[in-house]
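Q: Below is the structure I would like to discuss, written out as structure tokens.
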Amino acid sequence: MSIESEHLSADNETRRRRFAADRSDETADPQWNQQSPRGGPRGLECDGVCGAHLHQEGLDGHSSLLCTSLPLSPSAPKYLCTQGSHSLHALDDEWVEVPCKTTISAENEVEAQKLANNYKFGFRKWKSHVTERPFEERSEVVKELYSELNVIKPHTGSLISCGNVFYVILFGWWLALVYILLSLVMFTTLIGIPYGKLCWNLSGYFLWPFGKSITKGVASDRRPKRKDAHTFTEDVEDNRGASTFLLPTPVEEIVEEPQPPLKTSHWKRVSTYVWLLLGYPVLVIFHSLGCLLSWLLVVTIPVAKMNARAVGSILLLPPEEVHISPVTEPQSGEDTALLCCNHAINGYYYKYTVDGINVFAVNLLPLVIIALVIGYVDKDNKFASSEVKFATAIGSIIPLSYYIGMGIASISAQSNFAVGAVVNATFGSIAEMTFYITALIRGHSQGNQCLQEIVKAALTGTLLGCILFIPGICMVIGGLRHREQRFNSRSAGVSSSLLFISIGGVFAPTMFSKAYGNLICEGCSSTGTNASTNTSGPYVCHNCHYDLGEKNSTMFHDHIEPLVYSVSALLPAAYIIGLIFTLKTHSHIYDIQVGDSNASGHLGAVVHWSRWRALFILIVATVLMSACADLTTEHIQPILSQPGISQYFIGVTVLAMVPEIPEIVNGIQFALQNNISLR
């Protein structure tokens, strides 16, 4: 017995030394100490803190699992998460159970609730923030994105760049031309000569605004003048013979010149209304056009801000108060910066959000209005073909999906788990449900079997996308950035089990009907006849389907139909059981703890959308989604009539993947932050 105990102690000592070496190697890894973004840690995720080391088999022949907590940088964690289970820690001859829990550190309680919901089954994963983040805590790159271009900053590097040259080619030359023409018009009115000079100066600015600034200052004849230095010197020389104690104190003196008579107010001048009648409306049109084009390009949003500030403030000021000067010149203390832009293009504007929604989704929102107008007004396809209506209707689903996702995340983050679970269950798959229900109703009313087959194909594509495509592309993209990705295997196992149950339930009636149904094909034609054997060639058939009608009516009503209704009742029950399993009976698998380090500092968080606003947007987006789905099913038939396009291809690819685009984008963003469990 003593020999065996000594042998066991030696094995334990060897394991401890090996584990200490592994631990030192991991902590020495520069990727481990790298600070993570706000969404989560860049290093190891759920299994990263609780690292499992599998050792050699012991004397009893069983493998042992060693779990410990690795040291983290104090500035690194946004998520410090481990498996929501209990691990075993080896101490000489006995095993001690150490709980491993997931800890989330967020800016405030609302964000912490949203992040916690991301880990739970049945809750839609959402990457964007649902609260306004403190501007002073953002990085300099993000601060530059949300700046209003009213701060004069000295430029670094050369101003002649590809983006600035692109601005001149796309915007600068025609804006400058408009200002030159308007300056000539204002000069001809005589009374509008000050505005003519302003337009002439602004033409040069908008042709090349980089390295220049526009400031608002008082008129030159109203500024107080300082006494010159040589005047003070002359006064000293005149008192040279006097005692030094009697000399005046060298204090800078401001000489107030006689004030000119007060001028007429800006809004009481005739020239102002001449300008508002002849010049300002024309510039509003052209600046609005430039603002719209630059906003749609996203990376040129600084140009959009520049056009907006010109229309909103600069062109409404008195012309004598608008000053244009290079950035290198010192500015007077009385001047207020109005506009300063050194770069026309910023590649980081893909991160820009408007009220919590990404700018790309905001730019696609007008597509919804276009789809509804041409779809319901132009019934006879006089102005737009069915193909165009189908494309706009299917494209309008993308921004609506973003708004639905933001609404779900906002309500779930501000409510308890029961309300969040109900909202996610109701609106989580509303995009797919609206299309499927609309297509089935239209297909039943028109007697069109094609729409039913499209629904089956789209449902199959959605399942395959959720199982294979979306996790696969997230793993690949995340693997390109991170050498190792970890996830919570127990939570993934629960989700996978429920997913396989749903797949089995969906395909069971179909497989049963295809196994016992009669294959019937219509429109069969022979490809040719063999003259030597006097036999016909192979047949090409169209619209093949399995018939469960006359001969198999008894089997359908006695076996298949009850199976369909049973599955339709069991699948929602399985979903509810999964929620109870996750949130109640086995909540330790998703054991989430909210850290108090940062949450206590922002208790008064300002949410982008309140619960009532989010609910209103959810209802409106759902109604618009159903209308767009109706237009999609109405105008899909001409697409299927095109040669080489199959109804199954359209269903599996386009109709299945377009509503999942927000989920794909969120999954990729989580994978880039090494949060593969959130996919």
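Even glycines carry a Cβ here, placed using N, Cα and C.
No curator has checked TrEMBL annotations; they are predicted automatically.
Among the features that TrEMBL reports, region 'Disordered' is placed at 1-43. Here TrEMBL flags 1-26 as compositional bias 'Basic and acidic residues'. As annotated by TrEMBL, domain 'Inner membrane component' applies to 162-212. What TrEMBL lists as transmembrane segment is 165-193, 273-298, 357-378, 390-411, 417-437, 458-480, 492-512, 563-583, 612-632. Under the heading domain 'Sodium/calcium exchanger membrane region', TrEMBL lists 390-507, 614-677.
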Q: Run through the domain 'Sodium/calcium exchanger membrane region' (390-507) and tell me, per DSSP, how many residues are helix, strand and coil.
A: 104 helix, 0 strand, 14 coil
Q: In the same chain, who gets a Cβ under 8 Å from the transmembrane segment (390-411) while lying at least 6 residues past its ends?
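A: Same-chain residues near the transmembrane segment (390-411) but 6 or more away: 114, 117, 124, 126, 128, 130, 356-358, 361-362, 364-365, 367-368, 370-371, 374-375, 419-420, 423-424, 427-428, 430-431, 435, 607-611, 613-615, 617-618, 621-622, 624-625, 628-629, 631-632, 635-636, 638-639, 654-655, 658-659, 661-663, 666.
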Q: With DSSP, how much of the domain 'Inner membrane component' (162-212) is helix, how much strand and how much coil, in residues?
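A: In the domain 'Inner membrane component' (162-212), the DSSP-based counts are 42 helix, 1 strand, 8 coil.
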Q: I'd like the per-state residue tally for the domain 'Sodium/calcium exchanger membrane region' (614-677) from DSSP, helix first, then strand, then coil.
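A: Taking each residue of the domain 'Sodium/calcium exchanger membrane region' (614-677) in turn, the totals are 53 helix, 0 strand, 11 coil.
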